[in-house]
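Sequence annotations record features per position, and here TrEMBL assigns N6-(pyridoxal phosphate)lysine to Lys33. The active site, proton acceptor annotation in TrEMBL covers Lys33, Tyr242. TrEMBL lists Arg128, Met290 with the feature substrate binding site. Annotated domain 'Alanine racemase C-terminal' per TrEMBL: 221-343, in sequence order.
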Amino acid sequence: MTCPILTVDLGALATNWRNLAAMNSGETAAVVKADAYGLGAARIARKLARDGVRRFFVALAEEGLALRRALGDGIEICVFSGHMEGDAPIIAEARLVPMLNSIDQMLRHVETLPGHPFGIQLDSGMNRLGMEVGEWEALREIALEQSPRVVMSHLACADEPDHPMNAQQLRAFREMTDGIAAPRSLSATGGILLGRDYHFDLARPGIGLYGGLPFVDAQPVAQLDIPVIQIRDVAPGETVGYGNSWTAEAPTRVATIAAGYADGIIRAMGPEGHVYAGETRCKILGRISMDLIGIEVTACPRAPESVELLGRHQSIDTLADWAGTIGYEILTSLGNRYARRYVGG
Ligand SMILES: *Cc1c(COP(=O)(O)O)cnc(C)c1O
């Protein structure tokens, strides 16, 4: 092994989708924005489409075009950013369904692509994307006459089940949409777990498919193995890495592994970070460099050839805790310098 290997378990992905779909009372789509959270949208979406997913969501029209090329026809691809200036040729060519976010987007869409399908995104309180109540009131009748493919909104606090914002947004969404004929969608991964009131006709999970919280029962999908380049023994008083931030207190065997913050291994997780050499937990020593990390392998029964950063022993959320961030950022930070291996497809 000469470069780190990112293994994506398509079987675990499919299991996570099935388990979320079993909890959800409506249709269960899949969110594959940002290259399926860094894991490879084409491979991820092809697997899920084979297993029954009929509708995918991306952030941008360009992502939708790439996905259309990977999936072919017969699958619906929806775009959260809606219909932005200049998007019309891509939306037409790739037969995308933009989630229109404003009156401006609505006008742009019907002027440039009359009769082309669309969805509507409403703001129920997050103040990020979507039409405000007033805009929706003005447009509602005209929009509904054209049978939108979905009318959706997004929850700001769904990963905190007891947060009062959930019920508040549910109420706002219902007030804006009760009685309409179009399919409705409010929930991502977190909303599915909040229960039936939040499910409506369609849910849009992302992170839960990829093995992340708040779906606590998710199977890990990403495994990252990093090769060892060199091993040395250091004496008490010697230091390892930039800034001399770690000093040996006892004779220590140190391995240098071939990945660093340029590969999305967030430097801030250094002080708490560990890897696994087989079943031995190895501490990260000193600072994470751009392409290299020092680890302690004193307790390893034999010199490891590679170590696991992500996988069976530690999840994206374990790493996120060390780095003071969320699993989403751990996944989407993983760089391009890995050999990618897809298993379980
Ligand atoms: C990213 C996103 C999702 C998926 O969210 P997860 O928390 O990853 O399940 C769903 N809907 C919208 C609008 C999003 O931006």
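Here the Cβ of each residue, glycine as well, is placed from N, Cα and C on the backbone.
Model, not experiment: these values are computed from the prediction.
Taking the features listed in TrEMBL, we show where each one sits on the structure.
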{"residue": "Lys33", "record": "N6-(pyridoxal phosphate)lysine", "contacts (Cβ under 8 Å, 6+ apart)": "Phe57, Val58, Ala59, Leu60, Glu63, Phe80, Gly206"}
{"residue": "Arg128", "record": "substrate binding site", "contacts (Cβ under 8 Å, 6+ apart)": "His154, Ala156"}
{"residue": "Tyr242", "record": "active site, proton acceptor", "contacts (Cβ under 8 Å, 6+ apart)": "Gly286, Arg287, Ser289"}
{"residue": "Met290", "record": "substrate binding site", "contacts (Cβ under 8 Å, 6+ apart)": "Gly260, Tyr261, Ala262"}
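According to DSSP, Arg128 (substrate binding site) is assigned to coil rather than to any helix or strand. Averaged across the domain 'Alanine racemase C-terminal' (221-343), the predicted model reaches a pLDDT of 96.
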